[in-house]
Amino acid sequence: MQEDTLSRNGSPPFPKRSTIGVLGLQGDFDAHRRALEAAGAEVREVRRPDQLAGLGALVVPGGESTALLRLLAPRKMDEAIVAFHRTGGVLLGTCAGLILFAKEVASPGQPSLGLLDVTVDRNAFGRQVDSFVDQGRLRLNGTEVETEMVFIRAPRIRRVGPEVEVLGTWNGEPVLVRQDRIFGATFHPEMSPQSPFPQWFAQQVASPQAIAPLGQAAGSREDITP
């Protein structure tokens with residue numbers, strides 16, 4: 001059997017399925033769908049556990065994290081997302097989605113799925129009126145690029161675990177991270193038409209061998225120019 005470069009500690013490799021699901025319970029799921037379709041991906045909106053079948057990845061979009069938690073549990077979507085990941089599915093959480101995946105949530109604390117070894121502060125930049133757009137840096141496939149980043153009531157990543165790579169920074173802070181098959185962003189790449197991230201992510205799901213092994217892509221926070 002060919003060794004998968006992304007499999008660590010016995011975790012399943014990236015799946016060979018390329019369709020990307022977008023959780024369509026609340027938040028800006030339609031913007032994610034449009035951005036991924038513009039990048040050439042096949043996209044399916046997901047609202048029930050059975051709709052995860054056959055997907056290569058699931059995007060959990062921004063929105064309101066406490067409302068998202070209340071919507072997931074009655075549908076057993078929280079359990080389904082964990083099972084999807086454990087059986088090889090790729091996950092991307094942006095803003096509220098990142099909060100849902102985080103191992104620890106602070107300021108204020110709330111439950112989460114605990115899949116991504118980071119600590120995040122909710123709404124760390126203030127209220128909706130404090131949302132902003134600025135330039136940040138991404139390192140994708142070893143190439144560093146500057147790109148627009150949209151922050152809307154954004155969380156802040158306070159701690160990054162030892163198995164977590166930093167793929168993007170803003171003002172020296174981590175804003176895009178990856179731990180094996182889980183990606184988390186504090187900003188909204190789907191809202192920036194020129195952002196390279198949606199196309200890059202779609203390509204990784206379609207051709208997982210294109211992603212470098214852990215430790216060879218972005219490395220640590222210091223590897224990306226502030």
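Placed from the backbone N, Cα and C atoms, the Cβ positions cover glycine too.
Per TrEMBL, active site, nucleophile is recorded for C95. Under the heading active site, charge relay system, TrEMBL lists H188, E190. Summarising the annotation, TrEMBL assigns L-glutamine binding site to G63, E64, S65, R122, I152, R153.
Feature annotations (TrEMBL) mapped to structure.
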residue: G63; record: L-glutamine binding site; contacts (Cβ under 8 Å, 6+ apart): Q26, G27, D28, C95, A96
residue: E64; record: L-glutamine binding site; contacts (Cβ under 8 Å, 6+ apart): Q26, G27, A96
residue: S65; record: L-glutamine binding site; contacts (Cβ under 8 Å, 6+ apart): A96, I99, L100, V105, Q110, R122
residue: H188; record: active site, charge relay system; contacts (Cβ under 8 Å, 6+ apart): D28, A31, G62, T94, C95, M149, V150, F151, I152
residue: E190; record: active site, charge relay system; contacts (Cβ under 8 Å, 6+ apart): D28, A31, H32, R34, A35, L36, P61, T94, P198
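The L-glutamine site is set by G63, E64, S65, R122, I152, R153; from the centre of their CB atoms, other residues of the chain with a CB within 8 Å are G27, G62, C95, A96, I99, N123, P155. For the recorded positions C95, I152, counting C-beta atoms within 10 A of each C-beta gives the highest total at C95. Residues G63, E64, S65, R122, I152, R153, recorded as binding L-glutamine, reach a greatest CA to CA spacing of 13 Å. Of all the Cβ atoms in the protein chains shown, 20 others lie within 10 Å of the Cβ of R122 (L-glutamine binding site).
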